[in-house]
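For reference, the structure is listed below as structure tokens.
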Ligand SMILES: *[C@@H]1O[C@H](CO)[C@@H](O)[C@H](O)[C@H]1NC(C)=O
Ligand SMILES: *[C@@H]1O[C@H](CO)[C@@H](O)[C@H](O)[C@H]1NC(C)=O
Ligand SMILES: *[C@@H]1O[C@H](CO)[C@@H](O)[C@H](O)[C@H]1NC(C)=O
Ligand SMILES: *[C@@H]1O[C@H](CO)[C@@H](O)[C@H](O)[C@H]1NC(C)=O
Ligand SMILES: *[C@@H]1O[C@H](CO)[C@@H](O)[C@H](O)[C@H]1NC(C)=O
């Protein structure tokens, strides 16, 4: 009853069972190692899979025996990376990460005004812990500011107990007669120190000299200092070129050096002129002469076109040049028209 095929087949199987087939090098399981690792194994030989450090077994066979068939059984072992504690949030800062698994590294940065107390990156270790420990973002503070010599604090308020926070400001003022060099305002920097301090220096000015045809008044003191003032005046018929009051500047000189300038006597008896945009009678408006700096415009006649135009004249320290084109209207020639009376060109 036995078929010849069956006989053949059983004969083959007997041969395999007796001699056995060798197993090849076993398949790689991700993140695992095999011991012993060889290129071939005899039937009955055992191998063990271990998850590599930092990886955990998620079930499946770990220990396999090479069967007589020479074919390793299907390995269901799974090794997965350890996961470190969640670290995706950093107060007053930010975390850069892809995952929190071994062996990844995450990095940290703080918002402005905060500094990293700790390292700027951490790695998830084989043990599933962050190394080094996670940092914190701590507020940047500056100690109370130093006060420069000859200065006082005008504005300062500690905002973090006795310290100041990043970008806080303090403002200095110099003692009287001392001038500020540099910025009066300092700020708490990201380095936890203050920006450069200003300097206060005593500044002296020379005694102002009396102007010709005038006088100057100043405080009766041994020395004149920053912000001291002097006032100028002129004698009769002279007037001041410059401000009445000057001040000792931080550069050690006076803000201006006024002088006294003579007024102008008028050689013209009768003329209508433009003065500050208005027509005025020269002899009436400037009865007492013109002051230094005064400007008027005389009317002249264009004979060809029978029209009038103006030319300017200014009193400069006692002298005024009457425009050549201006012809004083003679009182005898009363029938002639004055230049200012005719059409402008
Ligand atoms: C910085 O961190 C260490 C450790 O966490 C802590 O002891 C220290 O007080 C911190 N320093 C500041 C200024 O926050
Ligand atoms: C602030 O300064 C005062 C006076 O210097 C001191 O007595 C106090 O202990 C300081 N406070 C803190 C929180 O440092
Ligand atoms: C003075 O310093 C403050 C704060 O650092 C800054 O904002 C300001 O622009 C500075 N002023 C000048 C004139 O440099
Ligand atoms: C503040 O500290 C930084 C860093 O230490 C330094 O480069 C800078 O010169 C300091 N600034 C001042 C005004 O001292
Ligand atoms: C004051 O002195 C400075 C520097 O010597 C100069 O540049 C400035 O023009 C002087 N000011 C006056 C009003 O003379």
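For all residues, glycine too, the Cβ spot is worked out from N, Cα and C.
The shown structure was predicted, so the numbers you read here are calculated from the model rather than taken from an experiment.
Quick look at what TrEMBL annotates:
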type	residues	note
SIGNAL	1-19	signal peptide
DOMAIN	21-81	domain 'Sushi'
DISULFID	23-66	disulfide bond
DOMAIN	82-139	domain 'Sushi'
DISULFID	110-137	disulfide bond
DOMAIN	140-202	domain 'Sushi'
DOMAIN	203-262	domain 'Sushi'
DISULFID	205-248	disulfide bond
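Recorded features from TrEMBL, shown on the structure.
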| residue | record | Cβ neighbours (10 Å) |
| --- | --- | --- |
| 23 | disulfide bond | 23 |
| 66 | disulfide bond | 23 |
| 110 | disulfide bond | 21 |
| 137 | disulfide bond | 20 |
| 205 | disulfide bond | 23 |
| 248 | disulfide bond | 24 |
Counts by DSSP class (helix H/G/I, strand E/B, coil) across the domain 'Sushi' (203-262):
0 helix, 27 strand, 33 coil
Per DSSP (helix/strand/coil reduction), residue 23 (disulfide bond) sits in strand
I'm trying to understand the geometry here, so how far is the Cα atom of residue 205 (disulfide bond) from the Cα atom of residue 110 (disulfide bond), in Å to the nearest whole number?
52
Please check each of the disulfide-bonded residues 110, 137, 248 and report the ones with a CB atom less than 6 Å from an atom of ligand 2, ordered along the sequence.
none
Sorry to bug you, but what's the C-alpha spacing from residue 110 (disulfide bond) to residue 23 (disulfide bond), rounded to the closest Å?
57
Secondary structure at residue 137 (disulfide bond) (DSSP, helix/strand/coil)?
strand
Would you mind giving the whole-number mean pLDDT across the domain 'Sushi' (203-262)?
96
